[in-house]
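Everything on this sheet refers to the single structure shown next.
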Amino acid sequence: MVDMGGLDNLIANTAYLQARKTSDADSKELQRRRRSLMLPGPQSCEQLRQAMPADFNSLCEQQPIGRRLFRDFLATVPAYQEAMGFLEEVQSWELAEEGPAKGSTLQALVATCAVAPNPGQPHSFLSPALVTKCQAATTDEERASLVEQAKAEAMAFLQDQPFREFLVSPFYDKFLQWKVFEMQPVSDKYFEEFRVLGKGGFGEVCAVQVKNTGKMYACKKLDKKRLKKKSGEKMALSEKEILEKVSSPFVVSLAYAFESKSHLCLVMSLMNGGDLKFHIYSVGERGLDMNRVIFYSAQMTCGVLHLHSLGIVYRDLKPENVLLDDLGNCRLSDLGLAVQIQDGKPVTQRAGTNGYMAPEILMEKASYSYPVDWFAMGCSIYEMVAGRTPFKDYKEKISKEDLKQRTLKEEVRFQHQSFTEEAKDICRLFLAKTPEQRLGSREKSDDPRKHHFFKTINFPRLEAGLVDPPFVPDPSVVYAKDVDEIEDFSEVRGVEFDDKDKQFFQRFATGAVPIAWQEEIIETGLFEELNDPNRPAGCGEGNSSRSGVCLLL
C-alpha cells in the first residue's frame, strides 16, 4: 500500500529544496518577472523628498541601498573618495586578526595620515594639528589613538559638505526612486508558498519565496479569528514592532508584514539548519562539541546584547528558539514573549519557559528585567554541553512546582564529563540566584564577552561575519518535522470582525521593512539590474505620469 503521508511529505520536501536551489535568479520564470519591473519615475518621488529626514546615519549607513549609492557618489569626487577609502582601511585594520601584520597595518595608516597627498597640503579630511601629531607618533598606543581620532575626523568630514551635495545629486534621486518602490503594497500574491515548517499557538510557519527576486523566507501566518478569540492581538503586534526595530545578524530579521483575507503574516529570515534543540538531542550523542557550544554561545550573547541595547528583554531564550542558517550561523527567533522596558521600570508579568525562567520570575511577586536573559543563557549553555537542562534530567518526569523549587533553591551540579573549567565557571555565573551576582548584570560594564570561556572568539570579527562556523548544515536535508506529523488546526467558528479589528489589521500590515528589503534587493541582483543604463527598451524607469512600479504577480 502506498504511504500517502510519506508521499505528501516527499513532494513537499522536493518542491521546497528545489526552490532553495533556484532562489538565485536563474529560473526563466523569475527572469520573465524581472523584465516587467521598473523603478517609479522621478516625479512620483517629490512628496517623499519633502518628507524624508536628512539623517546621515539612516540614509548613508543603516539603509543598504542608501549606503551603496552614497559610496557611488563619493567615488565621483577624489577628495571624498580618499576619505571613504581611509575609513575602509581603518575598518580592515580593526577587524584584522591579532599579529605582526595588524601592527604593520597600523603603522601604514598613521604614515598615510602623516604624509600629505600634495607637498605642503594636508589631507582635506584631517586637521593640520592631527597630521602633525601623526608625524610625531612613536608607539603603537599613540598610533592607535591617533587612528581613532582620524577616523572621527574623516566621518565628520563626510557628514558635512559631501552629505549636503549627495542630497541634491542624481544618486539621491535614485535612492528616492528605490524608496518609493520599497513602499509598494504587499499581499500574499507577492509570494510563492511551499511546505509548512511548523505550527504555533495562533497559526503556522511555512516557507515562501518572493516571486520577483527568488529570495526564500519563513512566513509566520497568524490566524485572524484565532488571534481575536484568544485575545492575542497585543502580543502579535508587540512581536511585529520589536522585530521591526531589531537589525542584528544574531536575531531573525523581519522583511515584510502584510495581511491576507484570513491571516496576519510576518515574513522573516529562513533558517534552514534547524534549531539547536534538534542538534542537541537528535544528531549523534546528546549534547554538542565544545567548539560548537562556544561559537553558538558567543553569537547568542551578541544577540541578547543587541536586544538589551534597544531596551528589549527576550524572556524566551532556549535552544529550541535558536536557529541555524545555511552557513551554520545562529540567530535568536520567536520574539513573541519579548517585552520593551518602559522608563527603566521592572517587568511584573510572569512569562517564559519552565526550566529556563530565572528565580526572580518565579517569585511570589515577580519583578525583573534584563538579567533574566542571562540566567536563560546559563541554562542554554549547560544544555548544549550536557544534553539536559540544569535542574531537570533528560526525560525526567517532574512537576512544575518541583522544577520551580529546584530552580529557586538548588545549586547547579556539573556531572557531565564534557564540562571544562571555563564552561563550569560561566554557567555558575549566569545561573546565580540573584540578578546582582549574575554575569552580565553585576555592574553596568559587566560584559559576558570578556569571560575566559570566550577566549578563542574574536568578537569584532564574529559580528562582521568573518568567523567560520564549526558546523555547516547539510543543504540536502530538511530540518523540520514531516508534513504529516504537523497537526492541523480546527476551524475557528463564530468570530466576526468589526471596524476596530480592521483598523488593527491595517496597523499590522505595514509592508516591506526597509533594511531587510534593501538587503534582499542587493543580494538577489535586482539593484544592479534595475539600475543598469543599458537595460533593454521597455524595461527602464517608469513613466513619470504613473506610479511607475510595474509588478507581474
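The backbone N, Cα and C atoms fix where each Cβ goes, and this holds for glycine too.
Cβ neighbours of ASP316 (active site, proton acceptor) (same chain, under 8 Å, six or more residues apart in sequence): ASP334, LEU335, GLY336, LEU337, ALA338, ALA351, GLY352, THR353, TYR356, ALA376. In this structure, ASP316 (active site, proton acceptor) belongs to neither helix nor strand by DSSP; it is coil. Annotated active site, proton acceptor per Swiss-Prot: ASP316, in sequence order, evidence recorded as sequence analysis.
Marked as ATP binding site by Swiss-Prot: LEU197, GLY198, LYS199, GLY200, GLY201, PHE202, GLY203, GLU204, VAL205, LYS220. Around GLY201 (ATP binding site), the same-chain residues at least 6 positions away in sequence with a Cβ under 8 Å from its Cβ are LYS230, GLY232.
Per DSSP, the domain 'RGS' (56-176) is made up of 93 helix, 2 strand, 26 coil. Positions annotated as domain 'RGS' by Swiss-Prot: 56-176.
Per Swiss-Prot, the feature domain 'Protein kinase' maps to 191-454.
For CYS550, the entry in Swiss-Prot reads S-geranylgeranyl cysteine, with the evidence type sequence analysis.
Per Swiss-Prot, phosphoserine is recorded for SER36.
For CYS550, the entry in Swiss-Prot reads cysteine methyl ester.
The ATP-binding residues named in the record, LEU197, GLY198, LYS199, GLY200, GLY201, PHE202, GLY203, GLU204, VAL205, LYS220, extend over a maximum Cα to Cα distance of 14 Å. Cβ neighbour count for VAL205 (ATP binding site): 21 (other Cβ atoms within 10 Å of its Cβ, all protein chains included). A 10 Å cutoff on Cβ-Cβ distances gives LEU197 (ATP binding site) a total of 22 other Cβ atoms nearby, all chains included. A Cα-Cα distance of 30 Å separates VAL205 (ATP binding site) from SER36 (phosphoserine).
Note on the domain 'RGS' (56-176): mean pLDDT across this stretch is 92. If you count neighbouring Cβ atoms within 10 Å for each of the recorded positions SER36, GLY203, the highest count belongs to GLY203. Taking only the Cα positions, the spacing between SER36 (phosphoserine) and LEU197 (ATP binding site) is 32 angstrom.
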